[in-house]
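Student: Dumping the structure here so I can ask a few things about it.
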């Protein structure tokens, strides 16, 4: 019994030492894969600049601050501080995750933005929604109906092996709606994403954004997660 | 109805209350006497023979968009004409129109707005038109919270209560700013009086808090109005992005 207890104590001490030695990996603002005005006239350069340099940067900065405070609280064993920081971590961390995906979801028209998905993702969309246009209508409807701030997602459910349209509130990342959901495409419907250009006509923004969606990226993520074997053999 | 300006319960002067509402904790004796004297008795004799009753068309606009108390440019330079105009003409009007579309012809169309907000909140499981009813109420209140040439300091009972409950006006301002900056997502920040009554006969709150019967700063998410949580709002600040984005951007 005494032996067991001394093993427990020494492993506890090792854990404590390991925790203090843990280094923090801070978030950094990813660069935009295109220039700020590259998505015009769908999304203005002014919006892209503010959205990337101010909003996303703020999420990164505040996430890093929250992370440092969390690190300190965890080291001190301050449980109530740890719990109290969760909402700041979720909000700012979520903002960073969501926007990082968003920049990759967009692409200038002259680089293939707006090109509909082909191959496996195209087939999966037809299976799960009936048609590509049906998917767009559904996402627009869900985005328009979302009250307040949030995101509308095209998600792939790894477990059920099917696509889903989901919405999340504020900066909640998609996993808050299901641990098996992988984001293929996210559309920011916070007012800051469109207000300077579209004012309150959110539906106009949603209808137009499809012209600059990067389906190639969505297809890559989908194929990696779905790990289909080549279905062309079956379809013969 | 006679505009009543003094809340008999808290003693605060609230000049924008225009009508008796179910929220009023206690009407004063003179207010009650006035209500009693203005109720109409049904004594008129019918002068026409009673014939077939024609169906009454439901009013397509049970609620009208309340006009702004000042011109669009009256709040410049703090809030631009463009922002006020968009905010009132598009957002506020949009909620009025959506509310009318949903409730016309239903029993809700007969309700006063405050009652509709409370009913549609449905104890936290809101009915579909809660968003619109609450936003109409919130925005009506918001426009009254501001006035051209406003600002300055409160005086009288309100100043005393602010000093009692926050320490000083600066402390109150700091708390409001902090609440506004930490509202994750869309919402509102309020200066409100928190009574925390239970709304039943003997009203003993089983979970009293030191914040009861005090002025407090409260945040509400999205379209929620603090009246649903039994707060008594005094000031409203809209922190949805549309309220400030054109003027202040981030």
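Placement of Cβ uses the backbone N, Cα and C atoms for every residue, glycine included.
Keep in mind that what you see is a predicted model, and the values were worked out from it rather than measured.
Heads up, here are the entries from TrEMBL:
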{"type": "DOMAIN", "residues": "A:28-106", "note": "domain 'Manganese/iron superoxide dismutase N-terminal'"}
{"type": "BINDING", "residues": "A:51, A:99, A:188, A:192", "note": "Mn(2+) binding site"}
{"type": "DOMAIN", "residues": "A:118-218", "note": "domain 'Manganese/iron superoxide dismutase C-terminal'"}
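Burial and contacts for the listed features, if you can.
Tutor: Around the Cβ of residue A:99 (Mn(2+) binding site), a 10 Å sphere holds 24 further Cβ atoms from the protein chains shown.
Here the domain 'Manganese/iron superoxide dismutase C-terminal' (A:118-218) has, by DSSP, the following mix of helix, strand and coil residues: 51 helix, 25 strand, 25 coil.
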Student: Measure from the Cβ of residue A:188 (Mn(2+) binding site) and count the other Cβ atoms within 10 Å, all protein chains considered.
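Tutor: Step by step: centre on the Cβ of residue A:188 (Mn(2+) binding site), count other Cβ atoms within 10 Å, giving 25.
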Student: Within the domain 'Manganese/iron superoxide dismutase N-terminal' (A:28-106), count helix residues (DSSP H, G, I), strand residues (E, B) and coil residues, in that order.
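Tutor: For the domain 'Manganese/iron superoxide dismutase N-terminal' (A:28-106), the helix, strand and coil counts are 58 helix, 1 strand, 20 coil.
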Student: Going by Cβ pairs closer than 8 Å, show me which of the binding-site residues A:51, A:99, A:188, A:192 neighbour chain B.
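Tutor: Out of A:51, A:99, A:188, A:192, A:192 lie under 8 Å of chain B.
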Student: For the domain 'Manganese/iron superoxide dismutase N-terminal' (A:28-106), what is the mean per-residue pLDDT, to the nearest integer?
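Tutor: So the average pLDDT across the domain 'Manganese/iron superoxide dismutase N-terminal' (A:28-106) works out to 96.
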Student: For Mn(2+), what surrounds A:51, A:99, A:188, A:192 with a Cβ no more than 8 Å from their Cβ centroid?
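Tutor: The answer, listed by sequence position, is A:52, A:55, A:56, A:102, A:190, A:193.
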Student: If we count other C-beta atoms within 10 Å, could you say which of the binding-site residues A:51, A:192 has the fewest?
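Tutor: Minimum Cβ neighbour count within 10 Å, taken over the binding-site residues A:51, A:192, occurs at A:192.
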